[in-house]
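The structure appears below as structure tokens.
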Amino acid sequence: MPAIVIVGAQWGDEGKGKATDLLGGRVDYVVKPNGGNNAGHTVVVGGEKYELKLLPAGILSPNAVPIIGNGCVVNLEALFQEIDGLEARGADTSKLRVSANAHLVAPYHQVLDKVTERFLGSRAIGTTGRGIGPAYMDKVARLGIRVQDVFDASILRQKVEGSLRQKNELLVKVYNRRDIEVDEIVDYFLSFAERLRPLVIDSTYVLNTALDEGKVVLMEGGQATFLDVDHGTYPFVTSSNPTAGGASVGSGIGPTRISRSIGIIKAYTTRVGAGPFPTELFDEMGMYLQKTGGEFGVNTGRPRRCGWYDAVLARHASRVNGFTDYFVTKLDVLTGIEQIPVCVAYDVDGVRHDEMPMTQTEFHHAKPIFEYFEGWTEDITGARTLEDLPENAKNYVLALEKLSGTRFSAIGVGPDRDQTIVVNDLIND
């Protein structure tokens with residue numbers, strides 16, 4: 001069987017965890033190809049809410065093998081805290097595996113992340129302070145420490161020494177902080193070696209062998225399209241490529257083996273942290289969406305900025321990722337709103353743009369051009385087919401599908417796994 005990739009189509013928090021959980025019972029492997037414990041996601045199973053950060057949502061699917069891929073950066077302390085938290089609630093994490101080539105987040109990465117944000121002041125990106133950006137910087141600069149290095153104390157020490165030679169200069173001379181001892185970091189990593197060893201695999205070999213054997217592999221991207229370091233609203237982005245192409249690189253699965261690229265998109269739009277957001281609401285309606293949708297970050301608790309659905313973004317995300325399907329979430333949050341605006345184009349300094357503006361400056365100047373749709377008041381959480389939806393809700397969904405340029409194959413009408421309208425099978429159709 002070919003592989004399937006799930007990608008956030010906005011700025012994150014679209015409900016990728018729900019989509020993964022819905023499909024998890026039908027797949028054999030769920031791999032997280034990018035990011036670290038900076039991207040939280042919520043999964044509701046049997047009325048119980050689980051807030052995951054570093055672990056793939058597939059950890060809660062009893063039949064799937066969850067894998068942290070080579071494209072991730074792993075905070076070992078956070079990893080085992082999350083595992084322990086799930087096991088304390090009765091979840092089975094014994095199938096979890098971690099790529100030997102994944103990079104590690106060191107304590108000094110977290111220190112650098114926080115002091116850099118403070119140093120930038122009003123120009124801060126709004127990171128989670130988890131050290132993800134600095135860890136990816138070290139990866140690209142060839143100063144990174146990988147999972148496999150924890151099992152060779154000599155190599156580990158050499159790499160820590162090389163990295164700290166640069167980091168301590170920065171910490172002491174620029175940020176007026178104390179230097180960090182090599183032994184402190186080496187001992188920190190070695191303390192996890194025994195527990196980590198049984199989890200570590202050659203993930204590229206395992207996943208491709210599984211595909212050769214006809215198994216189904218689901219790649220669960222973190223963050224989202226417009227946080228991608230290449231395709232997002234740079235510089236207000238993450239440090240990896242949470243797009244479909246990045247999922248291929250971060251899992252070691254070649255692009256020709258991917259059969260479905262599924263975009264996860266909210267029926268409205270949210271964003272955490274700084275950066276442009278054309279449809280953002282600054283009034284009571286924005287507060288209403290925030291409260292009704294529970295729009296607060298899993299990782300930081302920060303309130304999410306809320307706005308209307310942006311079809312320009314949806315079309316661009318579909319183009320970048322080659323989406324075959326969209327999975328729309330949180331349609332139920334819009335229940336009770338009398339009239340629902342949808343952004344169909346932008347006004348940039350008096351010029352209409354039907355597609356994403358080319359430059360950062362233009363996007364910062366973009367003002368939404370809206371079309372308006374009649375709302376509904378009926379409870380839709382029990383709907384399981386399009387025909388079950390009130391006429392106005394159905395019209396809204398069909399309009400978004402047409403404006404977004406990609407078929408809507410699933411629609412979330414509530415937080416639970418079964419509160420979903422499946423229009424087209426997301427694996428076999």
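Quick reminder: no glycine exception, Cβ is built from N, Cα and C everywhere.
Remember, it's a predicted structure, so these values are computed and weren't measured experimentally.
Copied over from Swiss-Prot:
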- 12-18, 40-42, Arg304, 330-332, 412-414: GTP binding site (BINDING)
- Asp13: active site, proton acceptor (ACT_SITE)
- Asp13, Glu14, Gly15, Lys16, Asn38, Ala39, Gly40, His41, Thr128, Arg142, Gln223, Thr238, Arg302: IMP binding site (BINDING)
- Asp13, Gly40: Mg(2+) binding site (BINDING)
- His41: active site, proton donor (ACT_SITE)
- Val298, Asn299, Thr300, Gly301, Arg302, Pro303, Arg304: substrate binding site (BINDING)
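For the binding site of IMP, formed by Asp13, Glu14, Gly15, Lys16, Asn38, Ala39, Gly40, His41, Thr128, Arg142, Gln223, Thr238, Arg302 according to the record, the largest Cα to Cα distance is 34 Å, rounded to a whole number. Nearest by CA distance to Val413 (GTP binding site), out of the recorded positions Asp13, Gly40, Thr128, Arg302, Arg304, is Asp13.
Calculated from their C-alpha atoms, the gap between His41 (active site, proton donor) and Lys18 (GTP binding site) amounts to 9 Å. Ranking the binding-site residues Gly12, Gly15, Gly40, Gly301, Pro303 by how many other Cβ atoms lie within 10 angstroms of each Cβ puts Gly301 at the bottom. Annotation for the binding-site residues Thr128, Gln223: lowest Cβ count within 10 Å of the residue's own Cβ, Thr128. DSSP assigns Lys18 (GTP binding site) to a helix. For Thr42 (GTP binding site), the nearest of the binding-site residues by C-alpha distance turns out to be Gly301; the candidates were Gly301, Arg302, Pro303. The binding-site residues close to Gly12 (GTP binding site), defined as a CA atom within 10 A of its CA, are Gly40, Gln223 out of Asn38, Gly40, Thr128, Gln223, Arg302, Pro303. The separation of Asn38 (IMP binding site) from Leu331 (GTP binding site), Cα to Cα, is 26 Å. If you compare Cα positions, Thr128 (IMP binding site) sits closest to Gly301 out of the binding-site residues Gly15, Lys18, Gly301, Arg304.
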